[in-house]
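**Q** What follows is a single structure, and I will ask about it in a moment.
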Amino acid sequence: MDPRCTMGLAILIFVTVLLISDAVSVETQAYFNGTAYLPCPFTKAQNISLSELVVFWQDQQKLVLYEHYLGTEKLDSVNAKYLGRTSFDRNNWTLRLHNVQIKDMGSYDCFIQKKPPTGSIILQQTLTELSVIANFSEPEIKLAQNVTGNSGINLTCTSKQGHPKPKKMYFLITNSTNEYGDNMQISQDNVTELFSISNSLSLSFPDGVWHMTVVCVLETESMKISSKPLNFTQEFPSPQTYWKEITASVTVALLLVMLLIIVCHKKPNQPSRPSNTASKLERDSNADRETINLKELEPQIASAKPNAE
């Protein structure tokens, strides 16, 4: 093999090993519409001037965010989507990406190259994994209809403009650890890619309960957010209505008592009719016996008449 080829291969292997050994991987997080920090810490900065280096960042699609070429910003190779959105901190070797959007999530590479008279040598590569978060709005409970005597309560809870996708939303009610909710819905904005969530609940006052407190809870991967508590009080009956109900109840009770007395009074009189019939039969029997006795005395009466004459 040609010695020059051998030397070239050795240099290539050396540069590759150097690149792998000096590769750095970091994770960073930014808020939606905020600023992301993409570090590129250079351990050899004390020995090499920035004017001797080429430093640039590119995204996972190989689009250039920023390039610092031998001490000067170079905008020719910067992609249009990143123009005006970046600033370079020379002291910390960090690129600031402004106005971060959900679509900016992903991996970014920073390359530091030395520019010798011929060619270039990669001195360091830093891989940054960027995640973007957006705080959901505080859950808000809205009443769908007014609370009246025995009517149900229809509630809706909403929270908007958050990221990443929420896990769930539910209602909590006084003195209960159960999670309530009838219809949880999650939607995502096509432009901002932020999520909104809502849930609804229909409930009524249990018997004997006059007060209830309801709270809506949004649960994400990292936190729980609660709404302001909403208090409900069922209206007590007015005094006039109360006394009307009492009067009606007492009247019904008296009518029932009177009806019961009448029924009980009639039952013992029913068997008295046969006793009247029996006494009549007894009187008829006595009359018959008297008739029979008179017939037996007729001969005696007849014989006594001549003597009397």
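Note: Cβ is positioned from N, Cα and C throughout, glycine not excepted.
So Swiss-Prot lists the following for this protein:
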{"type": "TOPO_DOM", "residues": "24-244", "note": "topological domain 'Extracellular'"}
{"type": "CARBOHYD", "residues": "Asn33", "note": "N-linked glycosylation site"}
{"type": "DOMAIN", "residues": "33-128", "note": "domain 'Ig-like V-type'"}
{"type": "DISULFID", "residues": "Cys40-Cys110", "note": "disulfide bond"}
{"type": "CARBOHYD", "residues": "Asn47", "note": "N-linked glycosylation site"}
{"type": "CARBOHYD", "residues": "Asn92", "note": "N-linked glycosylation site"}
{"type": "CARBOHYD", "residues": "Asn135", "note": "N-linked glycosylation site"}
{"type": "CARBOHYD", "residues": "Asn146", "note": "N-linked glycosylation site"}
{"type": "DOMAIN", "residues": "150-223", "note": "domain 'Ig-like C2-type'"}
{"type": "CARBOHYD", "residues": "Asn154", "note": "N-linked glycosylation site"}
{"type": "DISULFID", "residues": "Cys157-Cys216", "note": "disulfide bond"}
{"type": "CARBOHYD", "residues": "Asn175", "note": "N-linked glycosylation site"}
{"type": "CARBOHYD", "residues": "Asn190", "note": "N-linked glycosylation site"}
{"type": "CARBOHYD", "residues": "Asn231", "note": "N-linked glycosylation site"}
{"type": "TRANSMEM", "residues": "245-265", "note": "transmembrane segment"}
{"type": "TOPO_DOM", "residues": "266-309", "note": "topological domain 'Cytoplasmic'"}
{"type": "REGION", "residues": "269-309", "note": "region 'Disordered'"}
{"type": "COMPBIAS", "residues": "280-298", "note": "compositional bias 'Basic and acidic residues'"}
**Q** Tell me, if you would, which residue among Asn33, Asn92, Asn135, Asn154, Asn231 (glycosylation sites) has the fewest other CB atoms within 10 Å in the structure shown?
**A** Asn231
**Q** Between Asn190 (N-linked glycosylation site) and Asn135 (N-linked glycosylation site), find the distance joining the two CA atoms and give it rounded to the nearest Å.
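**A** With the alpha carbons as reference points, the distance is 18 Å.
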**Q** In sequence order, what residues of the same chain, 6+ apart, have a Cβ less than 8 Å from the Cβ of Cys216 (disulfide bond)?
**A** Pro139, Glu140, Ile141, Cys157, Met169, Tyr170, Phe171, Leu172, Asn199, Ser226, Ser227
**Q** Could you list the residues of the same chain, at least six apart in sequence, whose Cβ is under 8 A from the Cβ of Cys40 (disulfide bond)?
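**A** Once residues fewer than 6 apart are set aside, Cys40 (disulfide bond) is near Val55, Trp57, Trp93, Thr94, Leu95, Cys110, Ile112, Gln124, Thr126.
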**Q** Mind checking how the domain 'Ig-like C2-type' (150-223) divides into helix, strand and coil residues in DSSP?
**A** 0 helix, 40 strand, 34 coil
**Q** For Asn190 (N-linked glycosylation site), list the number of other Cβ atoms lying within 10 Å of its Cβ atom.
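**A** Other Cβ atoms within 10 Å of Asn190 (N-linked glycosylation site): 6.
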**Q** Report the nearest neighbour of Asn47 (N-linked glycosylation site) in space among the glycosylation sites Asn33, Asn92, Asn154, Asn231, comparing Cα positions.
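**A** Spatially nearest to Asn47 (N-linked glycosylation site) by Cα position is Asn92.
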**Q** What counts of helix, strand and coil residues does DSSP assign across the domain 'Ig-like V-type' (33-128)?
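**A** Tallied per class, the domain 'Ig-like V-type' (33-128) gives 9 helix, 44 strand, 43 coil.
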**Q** Counting across all protein chains present, how many other Cβ atoms fall within 10 Å of the Cβ of Cys157 (disulfide bond)?
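**A** The answer is 25.
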**Q** With every protein chain in view, how many other Cβ atoms are within 10 Å of the Cβ of Asn47 (N-linked glycosylation site)?
**A** 8
